[in-house]
Amino acid sequence: MSRKSLDAFPDHAVSATAAAEAPWPVRRRHREKYAMNKELLAFIIVAVLLAVVPFTFGTSTTFIAMSLAKGLAVLGILILLRAGQVSFGHAMYFAIGAYAAAFLSSAFRGIDMLLLIGAAILASGVAGAIVGIFVTRYRGIFFGMVNLAFSMVFYSILEKAFHITGGSDGMRIRRPTLLGMELKRAEFDIAIYYVILLFALLSVWLVWRYLRSPMGEALRAVKSNETRLEYVGLSAKSVLLGGYIASAVLCGIGGVFMGMVQGLATPEHAFWTRSSELVFIAALGGPAHVAGAFGGTVVFEAVRTYAAALLDDSWQLILGVTLIVIILWAPGGMVELFRRLTGLDRAKTLTPEAGR
Amino acid sequence: MIFNKLSLGGVLAAAMSAAALTSAAWAADKPSELKIGITTYSSGSASVFGVPARHAAEILAEGINAKGGINGVPVKLYFIDEGAGLETLMAEYRRLVEDEGVDVTFASISSGVCNKMAPLAEDLEVVNFMWDCGTQRILEDDKYDYVFRTQANATPEVLAPLAYLLKTNPDFKTIAVVNQDYAWGRDSWEIFSNALKTQRPDVKVVAELFPAFGAADFSTEVSRLQALKPDVILSTSWGGDLDTFVRQAKQRGLFESSKFVLPLAESSLQRLRDDLPEGVIVGARGDHYFLHPETRNDEKFKAFNEKFKERTGEYPIYSAAHMVQAFAALEAVYDKAIKANGGEWPTKEQIAEAMIGLNFKGLGRPLVIREDGQAIEAQLVGTTAKRDGYDFKVIDQMEIYDGKDLMAPVGEKSLAWISKFKADFLSKVPATPYRHQ
Amino acid sequence: MTPNFAVLALLDGIAYASLLFLVAVGLTLVFGVLGILNIAHGSLYAIGAYVAATLGQWLVANGYNPWLTFPALFAGATVVGIALGGMLERFLLQRIYKKDEVLQLLVTFAVFMILENLQRMIWGVQPYFMSTPLNLLGNISFLGINYTAYQVLFLPAAAIVVLFALRHFLRHTAIGAQILAVTEDREAATSIGINATRVYFMTFVIGACFAALGGALATPTTSLVTGMGANMIVLSFAVAATAGLGQIEGAAVSALMIGVARAFAVYLSPELEVIMPYLIMVLVLLVKPNGLFGKDTARKI
């Protein structure tokens, strides 16, 4: 059977910086600058709104903290999507982040939160580098499958090594100190919210920069034209490896935050449905923009948490139908819908592919 | 909640909350209802065990409310599904305590869940009854102010069946274990095997199998056990897992070559019917049995059995009995705390204080909560038999053991206590024998 | 441990492999022809099992001849395969054939979520049993060990029949030839008058029937619980990927490998049982990314 080139998401939806082929480069650049200022403004507004959540919507603090943690992992998926690759095993790095915290917090009671985060970054980065060396040889569906295979091996180990990992019961993550301060639960909930928010904003900024950097452009070339990459002397494998490690680390950070908020590391974190969920959210939110990762997560988690109010036990049904509708009619996800609604991206939605 | 959070930034708010705390220390307003959060399995293979407990809780709550509630305060139940996975469970538990303002929680069935839930309850400062989970570790490893267990723990629950086995089948030479792969399956085997070593060091363990919790197929395990032909097969599994294992083992004649010891199988008798043969040693993690030889004629016992049968079409199993104990402890502790508080509605601190030394009675022998928060509960073990009038196996040749004889003393860990057993310790543990009537 | 244990482990492994193969073959067939890796295959498996169990329980409860539960297994599977599989292909998959494979994968994942939810809504969350067919066939004794005839005779026989029937169907019938032609080159096949749309539809329905059949035939050996579809789909992925996606005979071989390895683990080192399928998958894919029997051309560089 023939293998189509992997083109998960129409290019127009993927990048607002596809200026190279633009017919009117000058106008385009102008518009971009304007758009970027707007984006920066939006970024600041969202950051401020999130920063006041504990004072305005106190009861949602933990919900948003968990959404942001998961959004960090989705951000990692987004990086790979730029390279046209989809991993069905990234929940493994999420679990690695959580378990790193679990092991350390039970070995050293009262360990500092920053150390746990550092350990999670290190562990997921190293794991990402090792696994990445193998999996970056593959593309497309094989890339997805090999990642799946690794994550299921890891999942089975977590589930079976009862005396080390707590088996299917998982491990408790004891509440860490923050900068040496012992926190009560309510204080900890607020404190970790701000730490997560800080990391989320920082990651958004870094990923944004990364995707606009030459390495980020090279990552896009892995998707569109690997040979071109080789012409300019870049190895597609190492470009992809860089993106892979970055995505693994983001998942690891997401995992350590989720673990600390819940006080729990469980093998469920690494199960394949979780990996698929991350990809699902990326598609739901829209891979075109870093905002999609977090917007998608909030919608996903909100439906999951509150759908029961509408119709008992129906969140999978609602989300499944939503995703199908999005893929069939708005493959750019919520980001594209937003752009269509606000008219921010009118020129692009008029391209013939947009209606697909 | 909100001002708690503000206290992080504001000295004023901190002072306010401190003031609120001190005033709360000696009086509490009588609430309009007493909210109880209960975790039980309502989905998955363990739900066959969890749903009867839920029915029991509803019957009991209706009963309490029909007579005007607890000191005039009606109870309201909130159920959380343990089958939904730890993450969802813990999030929902927190939501119930923090947002819904639940006063008391009963958590939980699974030992794996209890291991996570007990620290969470302590952290949230909510009074929690571990109403069914078995692992002995929680109250032995840590000291808790808000966590209590209204039933026994793994130690007497597996030592009693072991004592029974040693008495009724003294000659066995080999044993194999098939337990669920989670805290209960692992901890119960650790206790059983360590105790067995002290009593019968010559017995050889020929296989230790730990299929996953919720496993739906035991074919290969059954083949291996047939090949090994151990004299005794122990399984502390329960719920749908135990049912499936027994059915597959029965189908392939495993019961004919090995003696089965199923310390939790009282809860599966009515579902398994003829799939469970005669001559199997069964227990009930306590003295729970719908024909309890000592209490079957008590009014409370009869009334509950009738209501339960009427609602579900079945006799109560031990998960229902454990729920009865949790409610009995709840009523008893509120009575005690209100009396101690001069008739005023007690604070949660006063409730927690009143738990120590609390006497209460479920459907079996009376129970008491020790100073470490652990209840002492009698144990009933017997052998399955076919008797007229029942389309499932009943328990015959029963022995009831007093809980205190089989518990590690306060402050001592079970495994350390067991390691000091004399070689005839278990054969000398007193028990009261009963026959099926 | 007796030296016979290898033979015993082999028998257990074959019984398990037969079920794995039945499910994986549908998955790999659909991928081979349509190029879609259908995650919802796992839901079809679960729903096939639930329908078969419901039908069987109904027959037994209403006093019909218990042997009727055998045709009920097949009838249930066929109904699920044709009705559900047919609807999926006709109303959803037909819209996404031109889309990228990752989007296709996500659509099937969305379908998986929807079906998991519907399955809970219809059958609830408590376990189901229906072991009548297994009890009817009784036991056979081998080396002093009792096996159920259902597991060591009936299931392998069913798997072998499916394997050879499918081979015959693809190689020696007109429709089979059309399917192969469309697989080879859809454009060319269409130009010589083959109705590719119909071929896709039929292939998907056949694949769905196999998934449902796997579920239906598994029913007597197990208890049906929520989440069984999620576990089965990832196992049959392991089988299909180890063999090479689209390899039908290969799937039989890798199902055997995985089934037997798992059974040996239970005898030798039970802790490794769960990890075996995925370990094999990782090792094979690292050495041969296209699977044991896959062709190298499939890889895009």
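In case you wondered, yes, glycine gets a Cβ from its N, Cα and C as well.
Quick caveat, the model's predicted, so the values are computed rather than measured.
Some features that TrEMBL has for this protein:
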type     : residues  : note
TRANSMEM : C:14-37   : transmembrane segment
TRANSMEM : C:44-61   : transmembrane segment
TRANSMEM : C:67-93   : transmembrane segment
TRANSMEM : C:105-125 : transmembrane segment
TRANSMEM : C:145-166 : transmembrane segment
TRANSMEM : C:199-218 : transmembrane segment
TRANSMEM : C:275-293 : transmembrane segment
When counting Cβ pairs under 8 Å to the transmembrane segment (C:199-218), the leader among C:14-37, C:67-93, C:105-125, C:145-166, C:275-293: C:67-93
Positions on the same chain near the transmembrane segment (C:105-125), where near means CB under 8 A and six or more residues out: 36-44, 46-47, 50, 54, 84, 88, 92-93, 96, 99, 224, 226, 229-230, 233
Sequence-remote partners of the transmembrane segment (C:14-37) [C-beta within less than 8 Å, at least six residues beyond its ends]: 44-45, 93, 96-97, 101, 104-105, 108, 147, 151-152, 155-156, 158-159, 162-163, 166, 179, 182-183, 199-200, 203-204, 206-211, 213-215, 217-218, 221, 232-233, 235-237, 239-240, 243, 245-248, 250-252, 254-256, 258-260, 262-263
Within-chain partners of the transmembrane segment (C:67-93) [C-beta distance under 8 Å, separation at least 6 from its ends]: 34, 36, 40, 44, 47-48, 51-52, 54-56, 59-60, 104, 107, 111, 115, 130, 132-133, 136, 200-201, 204-213, 215-217, 219-220
For the transmembrane segment (C:275-293), sequence-distant contacts whose Cβ falls under 8 Å of one of its Cβ atoms, 6 or more beyond its ends: 235, 237-245, 247, 249-250, 253-254, 257-258, 261-262, 265, 299
